[in-house]
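What Swiss-Prot says about this one:
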| type | residues | note |
| --- | --- | --- |
| BINDING | Gly13, Met14, Ser15, Gly16, Ala17, Gly18, Lys19, Thr20 | ATP binding site |
| BINDING | Asp63, Met64, Arg65, Ser66 | GTP binding site |
Amino acid sequence: MSDKHINLVIVTGMSGAGKTVAIQSFEDLGYFTIDNMPPALVPKFLELIEQTNENRRVALVVDMRSRLFFKEINSTLDSIESNPSIDFRILFLDATDGELVSRYKETRRSHPLAADGRVLDGIRLERELLSPLKSMSQHVVDTTKLTPRQLRKTISDQFSEGSNQPSFRIEVMSFGFKYGLPLDADLVFDVRFLPNPYYQVELREKTGLDEDVFNYVMSHPESEVFYKHLLNLIVPILPAYQKEGKSVLTVAIGCTGGQHRSVAFAHCLAESLATDWSVNESHRDQNRRKETVNRS
């Protein structure tokens, strides 16, 4: 690998989806970072980086705050892609319309595309305009249910590697359907057909990571059959995802509340896949019911 090789991350996505937290996270990881970089200036900036011995891990926030963003972004990406000394990935941050509206109300800011002041109209227009960019992004992170701390951890897990070569990582996560589907999931599996530990009083307040809950969930005949088929489905297709250049494959397993069944299954799957692949395990909603009770 040449000393002049640059590892570039373009951070973009919906307004209000967390790009400020993201770029701060990259700075913490040792990246050279710039927020609100006009697309037309990116190629020239990268030329300057190539001519110096400065940090060659670079993260740039490029978004619609630049007035010419939608006119310039495609030609900018083409220019970057044609440079053999640059490895670049796109991180697209997203969130549901409802969550973005809530964040705008909280900050009392107006949406830059909401000409008549209606935030939701601006969000919908922005989502439509950004759809092509989202489809070409190697990393799509749904921040709807993420705290800033969780977003920072997600970015650290995906971008802290020292190598300039994009890696293939499997994100195995559990979630509760009652709290919404994870928008960044590539594969979603439903385990609500399994017996629910919630109705066992001694297991209700525990999670699928507790041994007695885990054993309860995984010992049922239906669990054994489904888990076998799950592995037989997922394992053979992993090399194909890797071959297509996908950096992160997110496998989401859901139950009603995301506390028992999905947690046990996700944990079991993560351990199985980790023997041959780089795997990160997370449980989005396992403590959500407890937090709700504590707030009441």
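Count begins at 1; order follows the chain as displayed.
Backbone N, Cα and C define each Cβ position, glycine as well.
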Residues near Asp63 (GTP binding site) in space but at least six apart in sequence (CB under 8 A):
Thr12, Gly13, Ser15, Lys19, Asn36, Phe69
Measure from the CA atom of Met64 (GTP binding site) to the CA atom of Thr20 (ATP binding site) and give the result in Å, rounded to a whole number.
14
DSSP-derived class (H/G/I helix, E/B strand, else coil) of Thr20 (ATP binding site):
helix
Rounded Cα-Cα span from Met64 (GTP binding site) to Met14 (ATP binding site), Å:
9
Pairwise CA distance, Arg65 (GTP binding site) versus Gly16 (ATP binding site), rounded so that it is a whole Å:
12
Given Gly18 (ATP binding site) and Met64 (GTP binding site), what distance in Å do their CA atoms have, once rounded to a whole number?
14
Pick from Thr20, Ser66: which of these binding-site residues has the biggest number of other Cβ atoms within 10 Å of its Cβ?
Ser66
Which of these binding-site residues has the least crowded Cβ, counting other Cβ atoms within 10 Å: Lys19, Arg65?
Arg65
Inter-residue C-alpha distance, Ala17 (ATP binding site) and Met64 (GTP binding site) (nearest angstrom):
13
Where Gly13 (ATP binding site) falls in three-state DSSP terms:
strand
Cα-Cα, whole number of Å: Met64 (GTP binding site) versus Gly16 (ATP binding site)?
12
Which one is it: of the binding-site residues Met14, Met64, which Cβ has the fewest other Cβ atoms within 10 Å in this structure?
Met64
By a simple count, how many Cβ atoms lie within 10 Å of the Cβ of Gly13 (ATP binding site), its own Cβ left out?
26
Rounded Cα-Cα span from Ser66 (GTP binding site) to Gly16 (ATP binding site), Å:
15
